[in-house]
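Here is the structure we will look at.
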Amino acid sequence: MPLAEGSTFAGFTIVRQLGSGGMGEVYLARHPRLPRQDALKVLRADVSADGEYRARFNREADAAASLWHPHIVAVHDRGEFDGQLWIDMDFVDGTDTVSLLRDRYPNGMPGPEVTEIITAVAEALDYAHERRLLHRDVKPANILIANPDSPDRRIMLADFGIAGWVDDPSGLTATNMTVGTVSYAAPEQLMGNELDGRADQYALAATAFHLLTGSPPFQHANPAVVISQHLSASPPAIGDRVPELTPLDPVFAKALAKQPKDRYQRCVDFARALGHRLGGAGDPDDTRVSQPVAVAAPAKRSLLRTAVIVPAVLAMLLVMAVAVAVREFQRADDERAAQPARTRTTTSAGTTTSVAPASTTRPAPTTPTTTGAADTATASPTAAVVAIGALCFPLGSTGTTKTGATAYCSTLQGTNTTIWSLTEDTVASPTVTATADPTEAPLPIEQESPIRVCMQQTGQTRRECREEIRRSNGWP
């Protein structure tokens, strides 16, 4: 239950609630001894009772408290009161970049303003990296701006709440993995691999992409699709979203590279390249190679860690994906049923499914359906309805096809792409041949191969497979 205004908690007097989330609430509170107001984050009792999380929370709060930088929200104290962990931080009286986008720049912020914000955050991140600390959750919601309409406004990076040491084997877990994080997380972070400062650089680049265009690089109502795109899809060209930003295409191609070694070594290198191409203050030689931030060699990857973290994180996301998949196939069945009646017209209202911070609008099913857990029950008590050849995540998960057959999330041979298949483990390259529709432009191999897998395994036509995969993946 949220704390009431005027009540006391650990000596702090609650002024008002600032926000809430899955792990707890944040309050504006008066300090018990000093004449100031702070931001007090209070975790839920059930989260606080988790022994492993408690130890990690204390360790990471201590790590965040060691940072002292003009662009980092300071951590002052931590503790426990009535079975709930809490952390005391600076209160930033202002806004965040999510609010700026929503209220002022729904189609993207001006280049010079983005350069200023990204440069400030990049300096803060490199400062932390030099001290062997990673943020792990860089996104627009964590970039705060104090006095946003003043010439002396301050740009600050908040919530080192899942910060950790470079060689810390914890960090990304189901407890702190959110849909918002998925939109900006680096491939190696999503896979539970070793991390260094280049994971934060990837997230910073995804954040810059969002600030400039009004939406993140990869967006889909199904978070499992977003994850698959981070892992296997080519970085989107920002010029395709905003033509006047075409000069930034090579900058984002490098910053959003799948392999850390192909990215900028430091966050400020990315910020300089961005500023130079936008015509602001930046590095005139944005191709030069800088020395990477010096950190201790990370610990060897733990197979147990990967085996536990990745399924735990993405099982949560798969639950959210179930409802989307069910609605898509219900809509597909209705469309097929309507095709023989050429004069029949169906009108339905639009529904919006949000993946923070962007949204995707889709037609509603023509047959009334319920949402949430009820959608899951519509397909099967334990599995989602899936399309053979469609993107899936996590590897090894199972689903049910529209015919009732069991489908497996498997790797397509010779790629890092995971698709639904009637066979387990690796999906062999399809041997079936298909004549392309003469009215259709040739598809890239990463889209063509899954279609042929579908044809080979289900016996459906190329058009049927293409349409089912297109709907499931959200392709145009």
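The backbone N, Cα and C atoms fix where each Cβ goes, and this holds for glycine too.
Residues or ranges marked as active site, proton acceptor by Swiss-Prot on the basis of sequence analysis: ASP137. Summarising the annotation, Swiss-Prot assigns ATP binding site to LEU18, GLY19, SER20, GLY21, GLY22, MET23, GLY24, GLU25, VAL26, LYS41. Positions annotated as domain 'Protein kinase' by Swiss-Prot: 12-279. The phosphoserine feature in Swiss-Prot is assigned to SER290; the stated evidence is experimental evidence. Residues annotated as region 'Disordered' in Swiss-Prot: 332-376. Sequence annotations record features per position, and here Swiss-Prot assigns transmembrane segment to 306-326 based on sequence analysis.
Other Cβ atoms within 10 Å of the Cβ of ASP137 (active site, proton acceptor) number 26 in total over all chains.
Counting only the Cα atoms, the space from ASP137 (active site, proton acceptor) to SER20 (ATP binding site) is about 17 angstrom. Counting only residues at least six positions away in the same chain, the Cβ atoms of LYS41, VAL42, LEU43, ARG44, VAL47, GLN84 sit under 8 Å from the Cβ of GLY24 (ATP binding site). Within the same chain, the residues at least 6 positions away from LEU18 (ATP binding site) whose Cβ sits under 8 Å from its Cβ are VAL26, TYR27, LEU28, ALA39, listed in sequence order. The Cβ of VAL26 (ATP binding site) has 18 neighbouring Cβ atoms from other residues within 10 Å, across all protein chains displayed.
Taking a C-beta cut-off of under 8 Å and a sequence gap of six or more, SER20 (ATP binding site) has these contacts in its own chain: PRO2, VAL26.
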